[in-house]
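Feature list (source: Swiss-Prot):
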type: BINDING; residues: HIS30, SER47, TYR118, VAL119, ASN120, SER135, HIS203, PRO204, GLU205, THR220; note: iminosuccinate binding site
type: BINDING; residues: CYS92, CYS177, CYS265; note: [4Fe-4S] cluster binding site
Amino acid sequence: MENGVVMEDRLIAEEIKKLKEERNAIILAHFYTRGEVREFADFVGDSLSLCREAVNSKADVIVFAGVHFMAESASILSPEKSVLLPVPEAGCPMADMVTVETLRKEKEKHPDAAVVCYVNSSAAVKAESDICCTSSNAVNVVNSVENREIIFVPDKNLGAFVSLHTDKKIHLRPGFCHVHENIGKEDIEELKNLHPEAEFLAHPECRPEVMSFADHILSTSGIVKEAGRSESTEFIIGTEKEIVQSLKRKYPDRKFYPVSKKAVCYNMKKVTLESILNSLQNMEYEVQVPEHVRAKAKKALDRMLSVSGT
């Protein structure tokens with residue numbers, strides 16, 4: 001049965017490769033997607049690197065192996081390209097935790113504040129924001145803004161982390177990533193007892209009490225880089241557990257322990273090779289943003305990319 005599945009995946013992969021050439025398409029995949037999807041992708045990265053790749057790519061078609069807000073960001077930045085989301089139901093619960101209405105109310109309460117919006121948000125919310133950020137560049141973005149007050153949406157944990165690295169007043173909203181929010185300090189304590197020499201690399205979407213245990217607090221791409229340059233040979237990885245497989249392949253001489261077997265983003269796992277093939281065959285499901293929203297949202301994303309050195 002396993003050989004049959006492998007053969008089927010190979011046939012699907014061959015067909016995808018053929019269609020990619022015909023349509024001048026590339027596949028962009030997030031670190032949290034399935035292993036077979038990442039293996040076949042043209043580029044694998046976190047939100048910031050995927051944004052950059054979408055802008056710089058010469059492809060006519062971008063197949064986004066990720067969730068809706070990621071494909072939306074690619075479409076905002078590159079409207080001349082067809083951006084396909086293989087599974088339209090692949091959403092991000094955190095992105096839905098802030099709406100245009102709630103953001104406008106926050107702006108009324110804090111009229112002197114600039115709005116810094118995590119990219120894990122809708123195009124409409126980005127359009128209401130002054131600048132976007134990712135977990136890679138949130139501190140730099142906030143410190144680049146002239147305003148002394150910041151409305152930070154939607155992730156309260158990332159916002160709390162940023163507040164430790166700025167003298168600006170940060171107004172937070174109660175949004176969170178369920179994957180990171182569900183990581184508890186008891187998970188860390190258990191693994192630290194089992195692997196006392198291991199470095200704990202935590203994502204800033206984790207709760208503050210979890211981050212307090214961390215040796216380093218880093219974005220997903222930052223975790224990958226730190227695992228390669230550190231003198232340590234053992235690591236506890238405080239983010240979605242899929243990244244552990246990538247780390248093991250990249251650094252086979254090192255040991256990696258997922259902080260929790262429950263740290264799974266099921267929306268990312270919805271994307272399969274079959275759904276990518278269907279997407280390329282039928283040119284679906286194309287993500288488009290209304291121009292009046294796209295133009296405003298693009299300004300916020302462009303400002304972020306200029307701060308990030310893109």
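One-based numbering along the chain as shown.
Each Cβ is built from the backbone N, Cα and C atoms, and glycine gets one as well.
Shown in sequence order, TYR32, VAL67, PRO93, MET94, ASN120, HIS178, VAL179, GLU240, ASN267, MET268 are the same-chain residues outside CYS92, CYS177, CYS265 whose Cβ sits within 8 Å of the Cβ centre of the [4Fe-4S] cluster site. You'll find the Cα of CYS177 ([4Fe-4S] cluster binding site) roughly 11 Å from the Cα of HIS203 (iminosuccinate binding site). If you compare Cα positions, CYS92 ([4Fe-4S] cluster binding site) sits closest to ASN120 out of the binding-site residues HIS30, TYR118, ASN120, HIS203, GLU205. For ASN120 (iminosuccinate binding site), applying a Cβ distance below 8 Å and a minimum sequence separation of six or more within one chain yields SER47, PHE69, CYS92, MET94, ALA95, PRO154, ASP155, CYS177.
For the iminosuccinate site, whose annotated binding residues are HIS30, SER47, TYR118, VAL119, ASN120, SER135, HIS203, PRO204, GLU205, THR220, the maximal Cα to Cα separation is 17 Å. Rounded to a whole number, the C-alpha distance linking HIS203 (iminosuccinate binding site) with CYS265 ([4Fe-4S] cluster binding site) is 14 angstrom.
DSSP gives GLU205 (iminosuccinate binding site) a coil state; it is part of no helix or strand. The Cβ of HIS30 (iminosuccinate binding site) has VAL44, GLY45, ASP46, SER47, LEU50, ALA65, GLY66, VAL67, MET70, MET268 as same-chain neighbours under 8 Å, each 6 or more residues away in sequence. Take the CB of CYS265 ([4Fe-4S] cluster binding site) and look out to 10 A: across all protein chains shown you find 24 other CB atoms.
In three-state terms derived from DSSP, CYS92 ([4Fe-4S] cluster binding site) belongs to neither a helical nor a strand segment and is classed as coil. Each of the binding-site residues CYS92, CYS177 was assessed for Cβ neighbours inside 10 Å, and the highest tally belongs to CYS177. Between the C-alpha atoms of TYR118 (iminosuccinate binding site) and CYS265 ([4Fe-4S] cluster binding site), the distance comes to 18 Å.
Sequence-distant neighbours of GLU205 (iminosuccinate binding site) (same chain, 6+ residues apart, CB-CB distance under 8 A): SER135, ASP155, ASN157, LEU158, PHE176, CYS177, VAL179, HIS180, GLU181, THR239. ASN120 (iminosuccinate binding site) falls within neither a helix nor a strand when secondary structure is assigned with DSSP, and so counts as coil.
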